[in-house]
Amino acid sequence: MPAVKEPCKQEACNIQACLSKNAFNSERCLQAILKLQKCCDNCENKSTHCASVKPLLEQIAKKAELSHKPKV
C-alpha cells in the first residue's frame, strides 16, 4: 500500500466535522483531537495538519483550568 500523500488529513477533517456539529465547542471533540495528536506523533509531525493540534489542546486545557478555579 503506498504511503499516504498527506498524513492525518482524515483526522483533521473529522475534527472540523465535529466542531461544526458541536457549535465549535472543542471540549466536545476531545476524542477527535486526540486521534489527530496520535496520528501526528506517528508521522513525526510531518503533516500540515499537525500544526493545529497543539493550539486545540491548549485551548481545552485553559477552559478546564478556568472551570476548576474557585469563584471569589
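Each Cβ is built from the backbone N, Cα and C atoms, and glycine gets one as well.
Unlike curated records, TrEMBL annotations are generated automatically.
Per TrEMBL, the residue from C18, C39 that shares a disulphide bond with C29 is C18.
The disulfide bond recorded by TrEMBL for C50 reaches one of C39, C40; that cysteine is C40. When you check TrEMBL, the disulphide partner of C8 from the set C13, C39 turns out to be C39. Spacing of C18 (disulfide bond) relative to C8 (disulfide bond) is 15 Å (Cα to Cα, whole number).
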